[in-house]
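Contents: one structure, followed by commentary.
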Amino acid sequence: MKFPASVLASVFLFVAETMAALYLSSTYRSAGDRMWQALTLFFSLMPCTLVQLTLLFVHRDLSRDRPLVLLMHLLQLGPLYRCCEVFCIYCQSDQNEEPYVSITKKRQMPKDGLSEEVEKEVGQSEGKLFTHRSAFSRASVIQAFLGSAPQLTLQLYITVLEQNITTGRFIMVLSLLSIVYGALRCNILAIKIKYDEYEVKVKPLAYVCIFLWRSFEIATRVIVLVLFTSVLKIWVVVVILVNFFSFFLYPWILFWNSGSPFPENIEKALTRVGTTIVLGFLTLLYAGINMFCWSAVQLKIDNPELISKSQNWYRLLIYYMMRFVENSVLLLLWFFFKTDIYMYVCAPLLILQLLIGYCTSILFMLVFYQFFHPCKKLFSSSVSESFSACLRCVCWSSARRKSTEPVGRIDTDLKACTDQGAQPSTSKLTPEATEIWTAVDLCST
């Protein structure tokens, strides 16, 4: 049975980040900074509450008689209790006989164009561990993008304003680790959801590549937002609201345009109001993820599983192009409106470093999809093929514009030859004209 390392990592980041935030809020209270204290506590306690609700919802404990579990979640200690429960199940799994065994069927990755279906016995303990891993993965994503991301942005903004790095703020680098880990779990969840019928095995190099990709992407995004906020405090509200509502409303707009009925089968115990609340929370999380990085999971409300399983390279390309343009514009505005606190900062060099950092994240993303994606054999087209097709399209369009004038000369020669009753000779034409004449000849046949 696989060691529950992901559960341990999720609980460690949850506890460490919460303790660091509480310590930092106490330092703000001692210094008399009530506003910073309130915001730090809010971005710490709000995701804690959402994590407790997520664990209760996934395990369906609200409809079961488990008062101790409910009490631990009310005390914000639910993840610790669940972690102890996970390791108890793991340690006792080899000692007790499984009273119930289910059989799952998974297809292996294709080899030489063939894919075999493999049956696997899953015991009761392994099934419970799978549920715990799934719950903690979702909790890590919620904690990362609804708590850690705004918390890291806030603390970095305070550091820039006060030009002082305290011990508490340095400890908040845990927030960056939490965001990167949440994005990594989001990638793994997306792969397992899209390729649910296959046996997916993620190699260590794939984890390293995703970690580097997400680290560069999220770090540069947070720094860009902080720099822009430090000089244009009012306009950053506009930027955040436009980003948030664009991604929040996008799944709903697609749902309304599809004309599909309202989804009723998300959870049998939920009413229509409860389903609406769950969908609203999912779109809120979807918008929060896309605010800082690319969401590997694409929300699709008209789908019974709420997740789109198609691999849309064009949506990925458009997202990173628009995000790169947005980051560049925000950095240029910061450069023109920067204040005296950046007197000793080489602004052009900083802008160049941030843009190179974002391009580095895109490079690691392309490397992951090209070489380390566990299901790359199932892609209809690889990253390199899509990139080559895009380059060919650009080159073809530019060549077509350049060959407009030779085409005119060809038409004149053809008309003259036709009037004389002679066959045109391609040897007198330029190479470009010869290619075009061949294409015309083929099309006419």
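Every residue gets a Cβ built from N, Cα and C, even glycine.
The phosphoserine annotation in Swiss-Prot covers SER115.
Taken from Swiss-Prot, the feature topological domain 'Extracellular' applies to 24-37 (among others). Within the chain, the topological domain 'Extracellular' (24-37) has long-range Cβ neighbours (under 8 A, six or more residues past its boundaries) at 44, 154-155, 158, 166, 168-169, 171-172.
Per Swiss-Prot, topological domain 'Cytoplasmic' is recorded for 59-68 (among others).
Positions annotated as topological domain 'Extracellular' by Swiss-Prot, on the basis of sequence analysis: 90-140 (among others). Per-residue pLDDT, averaged across the topological domain 'Extracellular' (90-140), gives 76.
Annotation comment: Swiss-Prot describes 162-170 (among others) as topological domain 'Cytoplasmic', evidence class sequence analysis. Counted with DSSP, the topological domain 'Cytoplasmic' (162-170) comes out as 5 helix, 0 strand, 4 coil.
Remote same-chain residues near the topological domain 'Extracellular' (192-207) are listed as 106-109, 115, 118, 184, 297, 305, 307, 309, 311, 368, 372-375, 378 (criterion: CB distance under 8 Å, separation of at least six residues from the stretch ends). Residues annotated as topological domain 'Extracellular' in Swiss-Prot: 192-207 (among others).
Residue counts for the topological domain 'Cytoplasmic' (229-234) under DSSP, split into helix (H, G, I), strand (E, B) and coil, are 5 helix, 0 strand, 1 coil. The annotation topological domain 'Cytoplasmic' is assigned in Swiss-Prot to 229-234 (among others) on the grounds of sequence analysis.
The topological domain 'Extracellular' feature in Swiss-Prot is assigned to 256-276 (among others); the stated evidence is sequence analysis.
The topological domain 'Cytoplasmic' annotation in Swiss-Prot covers 298-316 (among others).
According to Swiss-Prot, the feature topological domain 'Extracellular' maps to 338-348 (among others).
Under the heading topological domain 'Cytoplasmic', Swiss-Prot lists 370-445 (among others), citing sequence analysis as support.
Feature annotation from Swiss-Prot assigns transmembrane segment to 3-23 (among others); the stated evidence is sequence analysis. Beyond the transmembrane segment (3-23), the same-chain residues lying 6 or more positions past its ends with a Cβ under 8 Å from any Cβ of the stretch are 40-41, 43-44, 48, 51, 79-80, 82-83, 86-87, 90, 129, 132-133, 136-137, 139-140, 143, 147-148, 151, 168, 171-172, 174-175, 177-178, 181, 185.
Cβ atoms under 8 Å from those of the transmembrane segment (38-58) belong to residues 14, 17-18, 21-22, 24-25, 28, 69-70, 73-74, 76, 78-79, 82, 131, 134-136, 138-139, 142-143, 146-148, 150-151, 154-155 of the same chain, restricted to positions at least 6 beyond its ends. Residues or ranges marked as transmembrane segment in Swiss-Prot (evidence: sequence analysis): 38-58 (among others).
If you look at the transmembrane segment (69-89), the same-chain residues 6 or more away from its ends with a CB under 8 A from one of its CBs are 4, 7-8, 10-11, 14-15, 45, 48-49, 51-52, 55-56, 61-62, 125, 128-129, 132, 135-136, 139. According to Swiss-Prot, the transmembrane segment annotation covers 69-89 (among others), on the basis of sequence analysis.
Summarising the annotation, Swiss-Prot assigns transmembrane segment to 141-161 (among others).
The feature transmembrane segment is assigned by Swiss-Prot to 171-191 (among others), with sequence analysis given as support.
With a threshold of 8 Å between CB atoms, the same-chain residues lying at least 6 positions outside the transmembrane segment (208-228) that come near it are 149, 152-153, 156-157, 160, 176, 179-180, 183-184, 187, 235-236, 239, 292-294, 323, 327, 330-331, 333-334, 354, 357-358, 360-362, 364-365, 367-368, 372.
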